[in-house]
Number of protein chains: 2
Amino acid sequence: MNEALPLGAMIGILGGGQLGRMLSVAAARLGFRTHIYEPSANPPAAHVADRLTTASYDDAEALRAFAQSVDVITYEFENIPTAALDLLESLRPIRPNRRALAVSQERIAEKDFLTSLGLTTAPYAAVTTLEDLHTALARIGTPSILKTCRLGYDGKGQARLHSPADAESALAQMDGAPAVLEGFVSFTHEVSVIAARGLDGSVACYDPGENVHRDGILHTTTLPAKLTNAQRTDAVLLAARILNALEYVGVMGVELFVTPQGLLVNEIAPRVHNSGHWTQNGCAVDQFEQHIRAVTGWPLGDGSRFADVVMENLIGDDIARIPALAREKNAALHLYGKSEARPGRKMGHVNRIIGR
Amino acid sequence: MNEALPLGAMIGILGGGQLGRMLSVAAARLGFRTHIYEPSANPPAAHVADRLTTASYDDAEALRAFAQSVDVITYEFENIPTAALDLLESLRPIRPNRRALAVSQERIAEKDFLTSLGLTTAPYAAVTTLEDLHTALARIGTPSILKTCRLGYDGKGQARLHSPADAESALAQMDGAPAVLEGFVSFTHEVSVIAARGLDGSVACYDPGENVHRDGILHTTTLPAKLTNAQRTDAVLLAARILNALEYVGVMGVELFVTPQGLLVNEIAPRVHNSGHWTQNGCAVDQFEQHIRAVTGWPLGDGSRFADVVMENLIGDDIARIPALAREKNAALHLYGKSEARPGRKMGHVNRIIGR
């Protein structure tokens, strides 16, 4: 632990949502303090953080003061403006690194990177004009899905095409932004690998979880996933290849489609990931602590799983189920402290532990 | 959950040490915010709390503002000045209640209360003068131990007597404070029950843990404890009797001596307890969340144990072992964010999980 940050060091976290919140708690558990940078008021992470800066990502003065107050900078979301990153990086290390961010901020760069590693993705093509889209449709066919290259998650900025006749309306939904057409893949289920790489280059992966989505939002992650031992090994090796290629430091979520032809990479997220929340109640070291260990130069922790777990997201009005969930046996609740329950908003999650 | 505090409610915590810190994290997990009241600077709990008041317990203005900012008041230590409690209680509910505090703040009141319930304690006698002490020694004998009635924990304010000749020096160590002479009990081991009582009067207990002390400070708690099923039942019923008699709301630590003649109550602590830290990695709902559930009027959670755990305290220089502990398999570290490692100071703990 020569390069490790000392106890009491301050970790800067860009983004004050639930991921920043759970990172902050994990950092405290290891004796670190956190400073949250978040443009919006009363962010969930601030309830459990040592310091909060409320400022926009184009406030150079606030960014500078933030960077100078911390020992290392990490983030809970990938769409951080480039200029802000440039300024912050001139003052303090940003982990995971800029390359991981660049690749995951842009869908085509991501897919190009993954295929360059010999990994398989869904067929894809860049689309800016209607002509591009028709050319892409001729190759990829329908059903397919058009997505903006940047931003957009949880079903936002996406349009499904059931036939070439949907082209015009789908493109209109992109609002002029560069997009990517992705072919539908015939997969049996989706799994994700929560992988970590330390400052010393060591890699550790949690047991893959099986994801079920509802309305484009993660609904449940179930451990163990339905995978053969060979698939489990493939999934972990594939994730390690991605992290090593990026000289990544931190936790990454790697979503995979399980198909008869093997595992396809759906997308990667250079951060702790919703599908890794089960680790809070199934492992000695959860994904949040693992991320903090990585970015502070600690050795990666033991992520072996000692219980079966089903994680269920609590979305919007699910918050009304809390009184019942609070009474449920073997259920560990994790609420995010958000004051307003809007449709589609992640309000918390519950980990159901299936122990011995 | 009719009487339950709503999500987002503010919980006031008196005391900003590691217990307040872990209570604060648990409160956040249920969607609550916390306000810490602590006289000393940079308290560990402030790193993970929404608000902090730095003021002494005789600052009426600060106490009033604190109380008015919160929905309920709880505490992490029992030696809170009475005047402060009077003021706070006039503004907001204090849970656990004043009676629990009064009983546990004063050793003779505590023992009188316990024996009034038909429970067994070590033989004891009040001691103020040397004459009292000799009378008490005549009845209780040596070896025995003289303790101040108030304050004092972790071996402070205590003197062992190996023969009546030690009387004068032992009494001198009490520094004029009222004291109690306690007879030594021949016990095989010490266990503790972490018990909780909800606002609705329901009681829940964690599986008892077995404690080993070193230099008067808790060293390890091991689950499961060496107990017969009958002893386990006795321990839990006995704890429930104490909580019900006090109309207690919150988590209490009940330390018991296991003797051939049955279980003796060593002492009770009206708060989350060091010997309950194992619950963080062995239960879906840990003692900190259980306490928050109780004081906010939530239903008590499922405290059933799904793993064997050994909790080890990290005291003073044990902090130097962190690099090795960080690499240990199945070890969950919990550090308290204290900047200075003094001898005897609790710096953190490690829960070793012995899963399936």
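Backbone N, Cα and C atoms are what each Cβ position is placed from, and that goes for glycine too.
Here TrEMBL flags B:R107, B:K147, B:152-158, B:182-185, B:E190, B:H213, B:266-267 as ATP binding site. Counting every protein chain shown, 22 other Cβ atoms lie within 10 Å of the Cβ of B:R107 (ATP binding site).
Each residue in the domain 'ATP-grasp' (B:111-296) has a pLDDT score, and their mean in this model is 94. According to TrEMBL, the domain 'ATP-grasp' annotation covers B:111-296.
When secondary structure is read from DSSP and collapsed to three states, B:N266 (ATP binding site) falls in the strand class. The Cβ of B:E182 (ATP binding site) has 21 other Cβ atoms within 10 Å, all protein chains considered. In the three-state DSSP scheme, B:E182 (ATP binding site) is classed as strand.
Take the CB of B:V185 (ATP binding site) and look out to 10 A: across all protein chains shown you find 14 other CB atoms.
If you take the C-beta of B:N266 (ATP binding site) and look for same-chain residues 6 or more apart in sequence within under 8 angstroms, you find B:T121, B:A122, B:E190, B:E255, B:L256, B:F257.
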